[in-house]
Amino acid sequence: MGEVIEKAYAKINLTLDVLFKRDDGYHEVEMIMTSLELADYLSFSKRDDKQILLSAEGGSIPVNEENLCYKAAFLLQQHFGVEYGVNIAINKQIPVAAGLAGGSSDAAATLRGLNTLWELKLSLGELEELGAQIGSDVPFCVRGNTALARGRGEVLELIAPMPSCFVVLAKPKFGFSTARVYDILNLNNIVHPDTTAMIAAIESQDVTQIGALLSNVLANYNKDEIVKIKQVMDASTTQGVLMSGSGPTMYALFSSENQATRLFNSLKGFCDDVYLTKTRMSGKEKSEVSS
Ligand SMILES: C[C@@](CO)(OP(=O)(O)O)[C@H](O)COP(=O)(O)OP(=O)(O)OC[C@H]1O[C@@H](n2ccc(N)nc2=O)[C@H](O)[C@@H]1O
Ligand SMILES: Nc1ncnc2c1ncn2[C@@H]1O[C@H](COP(=O)(O)OP(=O)(O)O)[C@@H](O)[C@H]1O
């Protein structure tokens, strides 16, 4: 087999609720996530030795055993006694440490890509189970689409697909540590999202209602750059504005491409990391193979 190509899609959280802190240190969550068209591009080529070698362009990420792609490849190699290695080339488009699951999605793309390259014949369900050993968001990223995630994020239920809409993302200069964001959360002072109403709004394909129900208990707007981005987003004719995941990326939803483009242009005036993308229409993730 020649080269296998995979796209690793970013995600946003439409809702993110935290129910309690568990004995294992993780938090029990209930959240609705959906995939975006914004994606990293990964290519995989087989090695006859057992080395896992990485290269990356377009973002500042480790290319050693700390990279989540390395962890995914190593896990498959160990678990199935694979005698091959792999060269992995990552073209990074998703901002890093941003709340968009870029690293998790790269790990999930590695599981899918190596399943094809190394001919392991695992089902997506089996890849999800393995993914949970790498990170809480990895199982969702294996299939993507729109899902309700429970447990620490690995218990998934596919729900109706998100309607097609435009999404403007703005990532402040700094990043947030996910562990710290969970750690400083005050569980006694939470306004819980209405997850059931959000599922109904998605089923009705009602973008305005979805926008009105956006809610994330991890969102923290106490930084000047975030306040500025939020003000500009709130002032535009968007369907809704929220911080994704543990942040700090802010996003705004639009039915209208013109209005999304207008916000994109005004944010570019003062924020370096701005993206205009779309919700990803559901489709089966399939590796592309070229010889
Ligand atoms: C907040 C979310 C929302 O989608 O996404 P991001 O903001 O990272 O994209 C996820 O829950 C992040 O998932 P992920 O980034 O895979 O987290 P992991 O690597 O499993 O965990 C990193 C750390 O976050 C904390 N953690 C994570 C998940 C969870 N349900 N409870 C936690 O308390 C733990 O301290 C853990 O050590
Ligand atoms: N392939 C990868 N892409 C992005 N980040 C990675 C990758 N591998 C490891 N990391 C590390 O994972 C951390 C979280 O990155 P990321 O997944 O982009 O954040 P988030 O979970 O907030 O969306 C970063 O500190 C980064 O150095």
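Every residue gets a Cβ built from N, Cα and C, even glycine.
Nobody curates TrEMBL annotations by hand; they come from automatic prediction.
Bear in mind that the values here come from a model prediction, so they are computed numbers and not experimental data.
Feature annotations, courtesy of TrEMBL:
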| type | residues | note |
| --- | --- | --- |
| ACT_SITE | K11 | active site |
| ACT_SITE | D137 | active site |
| BINDING | P95, V96, A97, A98, G99, L100, A101, G102, G103, S104, S105 | ATP binding site |
| DOMAIN | 67-144 | domain 'GHMP kinase N-terminal' |
| DOMAIN | 198-271 | domain 'GHMP kinase C-terminal' |
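The ATP site is defined by P95, V96, A97, A98, G99, L100, A101, G102, G103, S104, S105, and by the 8 Å test on Cβ atoms against their centroid, the other residues of the chain that qualify are A10, I94. Taken as a whole, the domain 'GHMP kinase N-terminal' (67-144) shows an average pLDDT of 98 in this prediction. The local packing around D137 (active site), expressed as other Cβ atoms within 10 Å of its Cβ over all shown chains, amounts to 27. Per-class residue totals from DSSP over the domain 'GHMP kinase C-terminal' (198-271), listed helix then strand then coil: 37 helix, 11 strand, 26 coil. DSSP assigns G103 (ATP binding site) to a helical segment in the three-state reduction. Nearest in space to K11 (active site), taking C-alpha to C-alpha distance over the binding-site residues P95, A101, G103, S105, is A101.
Sorted by the number of other CB atoms within 10 A, the binding-site residues A97, A101 start with A97, the lowest. Filtering K11, P95, S105 by Cβ distance to ligand 2 (under 6 A) retains none of these recorded positions. In the shown protein chains, 22 other C-beta atoms lie within 10 A of the C-beta of P95 (ATP binding site).
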